[in-house]
Amino acid sequence: PLSFILTGIPGLEDAQFWIAFPFCTMYFMAVLGNITLLLMIRIDPSLHLPMFYFLSMLSAIDLVLTTSTMPKILSIFWFHSHEINFEGCVAQMFFIHSFSTVESGVLLTMAFDRYLAICKPLRYSAILTGPTIAKLGLAAAVRGIAIITPLTCMVTSLSYCGPRVIQHSYCEHMSVVKLACGDTRANSIYGITAATVVVGSDSILIAVSYMLILREVIGLSSREARLKSFGTCGSHVGVILLFYTPGLFSFYTQRWGHRIPTHVRILMADLYLLVPPMLNPLIYGMRTKAIRDRVLSLL
């Protein structure tokens with residue numbers, strides 16, 4: 001097809017004009033917060049540490065995720081610009097799913113960073129050198145692109161002979177596949193398998209790293225050291241829960257959550273790409289003293 005029609009939030013068409021205002025506010029906060037975080041880390045030599053390099057990657061990914069979706073969503077809500085061409089739809093789907101996968105990989109590397117900082121402090125600098133950090137970031141990016149590229153190719157090879165209306169605010173994989181004619185089981189199986197393997201393996205490894213961290217922290221004799229360790233890990237745990245919880249809800253309810261109202265599922269899917277990018281800079285900015293002091297001194 002030449003183009004698709006994005007409905008926005010089915011069932012809330014009359015309210016979409018007003019929903020766009022908090023969406024626009026959150027998008028502005030997400031862009032401002034992540035750009036500020038990137039600039040702070042870039043200009044302050046004291047923040048040129050592995051933890052902040054990984055945080056820079058997270059901010060860059062969040063900027064891509066929000067910017068690939070929110071301008072189009074706001075144009076639907078405010079200006080009734082529902083049409084999106086086929087190539088733009090496929091590109092949007094690729095950016096959403098590939099960078100979500102990349103973000104999961106970056107969160108895993110951040111858990112590895114916290115494990116080394118707390119459990120192997122004497123070897124921390126020797127292991128996490130500049131080239132190693134670059135390789136870890138590159139590996140997360142390559143994995144995300146390698147997993148989602150076949151999915152994108154499978155979508156472009158399908159035939160679309162039915163209605164062109166996508167019951168969503170953006171081009172989510174299964175929402176597009178549902179419009180195809182013929183057998184789409186391969187697309188569904190690949191999508192579910194890829195998401196389950198990525199999220200399952202990453203979350204298990206993150207959980208193992210934090211179990212080892214918890215065991216190490218409990219063994220510390222100093223109460224201040226324990227509190228400091230919990231503080232540095234608390235921000236990361238909050239970001240992980242903020243990323244995986246709505247993401248998994250959105251992904252699996254899109255396939256099997258037919259009893260959940262459509263507008264609830266679509267609204268959660270929209271917020272999944274908006275709330276974590278907005279809150280991540282606030283969580284790290286408030287919980288990380290070096291960033292907080294730098295921002296306050298700048299103000």
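Start at 1 and count along the chain as shown; that gives each residue its number.
Note: Cβ is positioned from N, Cα and C throughout, glycine not excepted.
As written in TrEMBL, here are the features:
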DOMAIN    33-284  domain 'G-protein coupled receptors family 1 profile'
TRANSMEM  17-40  transmembrane segment
TRANSMEM  52-79  transmembrane segment
TRANSMEM  91-112  transmembrane segment
TRANSMEM  124-148  transmembrane segment
TRANSMEM  189-213  transmembrane segment
TRANSMEM  233-252  transmembrane segment
TRANSMEM  264-284  transmembrane segment
Residue numbers, six or more beyond the limits of the transmembrane segment (52-79), whose CB comes under 8 Å of its CB atoms: 6, 8, 16-17, 19-20, 23-24, 27, 30-31, 34-35, 37-38, 41-42, 92, 95-96, 99-100, 102-103, 106-107, 109-110, 113, 133, 136-137, 140, 169-170, 239, 270, 273-274, 276-277, 280-281, 284, 290-291
Winner by Cβ pairs under 8 Å against the transmembrane segment (264-284), considering only 17-40, 124-148, 189-213: 17-40
Cβ-Cβ under 8 Å with the transmembrane segment (124-148): same-chain residues at least 6 beyond its ends: 50, 53-54, 57, 94, 97-102, 104-106, 108-109, 112-113, 116-117, 194, 198
Contact call for the transmembrane segment (91-112) against the transmembrane segment (17-40), three or more Cβ pairs under 8 Å: no
Mean predicted confidence [pLDDT] for the domain 'G-protein coupled receptors family 1 profile' (33-284): 88
